[in-house]
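A.B. asks: Pulled the feature table from TrEMBL, pasting it below:
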type	residues	note
REGION	19-43	region 'Disordered'
TRANSMEM	51-80	transmembrane segment
DOMAIN	54-436	domain 'Major facilitator superfamily (MFS) profile'
TRANSMEM	92-111	transmembrane segment
TRANSMEM	123-141	transmembrane segment
TRANSMEM	153-173	transmembrane segment
TRANSMEM	180-199	transmembrane segment
TRANSMEM	211-231	transmembrane segment
TRANSMEM	252-275	transmembrane segment
TRANSMEM	287-307	transmembrane segment
TRANSMEM	319-338	transmembrane segment
TRANSMEM	344-368	transmembrane segment
TRANSMEM	380-401	transmembrane segment
TRANSMEM	413-431	transmembrane segment
Amino acid sequence: MSNAVSQLDADIPQNIGQFENDSESIRHQPKADAVGTEISDEKIPPPDTGYAWVILAAGTLNFMISFGSFNAFGVFSTYYLLTIFKDIDADVVAWISNVTITMTLIGGLTASSIISKVGIRNTCYIGTAIGTIGLILSSFSAKIWQLVITQGIIYGFGSSLFVNISLLVQALWFQKRLGLAIGIISSGAGLGSLIMVPLITSTISKMGISWSFRILAIVYFISTGIGGFLLKPRAEFKPNSKIFDFRMLKDPFLNILNAAGFFIQVGYTVPLLYFPASLKALGYSQTFSTNFIMVYSVTSIIGRLVSGQLADSIKPINILIVCHFITSVAIFTLWLLGKSLAPYAIFFALYGLFGVNFFSLGPSMISARYPIKRVSQANALYFLVLGLSVFIGIPLIGLAFQKLGNRVHFEQIIIISGTCFTISLIFLLILRFSMHKFPLPGE
């Protein structure tokens with residue numbers, strides 16, 4: 001379950017120009033390869049071509065597993081609510097998803113510091129080991145607090161390293177096609193859901209939830225192991241070793257973007273976690289309801305790819321404003337007022353097309369706006385805000401579903417989702433008409 005970012009300054013071409021200047025300063029210095037030997041400028045591969053596409057494929061694979069599993073955890077969430085924890089308050093059960101999503105988003109704060117000490121590839125191996133251990137331990141967990149620790153904290157932290165690194169290396173290898181690259185990477189989350197949702201649904205129904213976790217652990221270990229092995233910097237790269245750069249708190253551009261992101265994350269999480277259950281409430285089977293996540297997965301792939309491609313030629317802020325307006329309208333009409341499969345299906349398709357693009361456009365904006373050595377930290381701050389939003393929002397949504405909806409009515413949380421998207425739209429409009437005043441950040 002599951003997903004990001006500071007993109008909205010001026011034109012993307014202008015921001016990418018800033019990024020290119022940073023990259024040029026790196027290229028005109030002696031570099032070192034993976035074992036520390038010096039290499040000449042001539043041996044540094046050019047951006048946007050060659051091994052850059054391997055980097056893109058590896059990053060997409062990592063996102064398929066990290067965020068694909070994250071999105072597919074909606075299947076686990078439905079199973080928890082309706083089966084093994086059906087007698088426990090929904091707001092208590094929601095802590096499993098809450099901590100999983102939060103750790104996946106905020107754990108990347110440590111990525112820059114770890115990379116500065118052991119390098120990109122070894123940091124990936126650490127993420128593979130931690131995430132796999134978390135999933136295996138989850139298979140032996142039968143209580144909520146155990147799943148909070150194993151699925152939530154341990155697995156979530158392992159995945160967070162891949163989320164941060166997979167976005168970072170794209171900025172090292174891509175310049176002119178950075179928006180497209182991150183759009184493709186982000187679409188890996190939807191593609192992963194297409195694989196993970198039927199896999200988890202099938203294994204739960206045939207083998208039980210414990211073996212479902214173990215099979216997921218095997219898939220995670222193999223896939224992220226390969227994805228991590230293929231990742232490397234284009235030239236010598238050592239990010240800032242600080243976990244947090246407080247200078248970023250003074251950037252009004254990032255502050256407004258993060259304010260929008262805070263509300264976007266709450267609004268985005270409601271359909272991700274509760275749409276399958278709301279569909280089941282219409283009378284459809286649990287298997288049909290959870291498999292319906294694939295509708296979202298397919299459309300989110302299309303949405304992220306198209307928005308990423310457009311972001312290299314159109315101001316991403318304009319794309320986001322249109323997307324969030326459409327999503328807000330769809331939530332308040334099709335999902336809130338719909339009482340049959342047709343409006344629900346149309347809503348979930350539109351939600352995938354337009355409701356998730358903040359998470360693909362955001363990282364490309366950060367990579368374009370910030371000097372390369374600060375990209376990882378800027379992404380981490382963005383994810384920190386999203387993580388705090390999840391940490392606060394999911395329990396409150398679960399409480400609203402429990403107390404106001406009596407665990408059977410979804411109108412209240414649907415209204416919360418639509419309202420949050422509307423508030424985020426307001427922040428994006430503010431940013432759109434004031435961002436020309438904000439200076440680009442320095443080293």
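We number each residue from 1, going along the chain as drawn.
Note that Cβ sites are derived from N, Cα and C of the backbone, with glycine treated the same way.
Heads up, TrEMBL stuff is auto-annotated, nobody curated it.
The structure displayed is predicted, hence computed values, not measured ones.
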A.B. asks: Short question: most Cβ pairs under 8 Å with the transmembrane segment (380-401), which of 51-80, 180-199, 319-338, 344-368?
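C.D. replies: Going through each listed stretch, the top one turns out to be 344-368.
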A.B. asks: The transmembrane segment (413-431): which same-chain residues, six or more beyond its ends, come within Cβ distance under 8 Å?
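C.D. replies: Same-chain contacts beyond the flanks: 8, 253, 256-257, 259-261, 263-264, 266-268, 270-271, 274, 278, 317, 320-321, 324-325, 327-328, 331-332, 335-336, 355, 358, 397, 400-401, 405.
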A.B. asks: If I take every residue in the domain 'Major facilitator superfamily (MFS) profile' (54-436) and average their pLDDT values, what number comes out?
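C.D. replies: Over the domain 'Major facilitator superfamily (MFS) profile' (54-436), the predicted model scores a mean pLDDT of 89.
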A.B. asks: Could you pull out which residues elsewhere in the chain have a CB under 8 Å from any CB of the transmembrane segment (51-80), counting only those six or more residues past its ends?
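C.D. replies: Those are 1-3, 45, 93-94, 96-97, 100-101, 104, 124, 131, 151, 159, 162-163, 165-167, 169-170, 172-174, 181, 184-193, 195-197, 199-201, 204, 209, 216, 219-220, 223-224, 226-228, 230-232, 234, 272-273, 275-277, 280, 286, 289-290, 293, 296-297, in sequence order.
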A.B. asks: Please report, as numbers and ranges, the same-chain residues at least 6 past the borders of the transmembrane segment (344-368) whose CB is under 8 Å from any CB of it.
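C.D. replies: For the transmembrane segment (344-368), the far contacts come to 3-9, 12, 15-16, 18-19, 167, 170-171, 178-179, 181-183, 185-187, 189-190, 257, 260-261, 264, 267-268, 271, 275, 278-279, 282, 292, 295-304, 307-308, 311, 316, 319-320, 322-324, 326-327, 330-331, 334-335, 338, 375, 378-379, 382, 421, 424.
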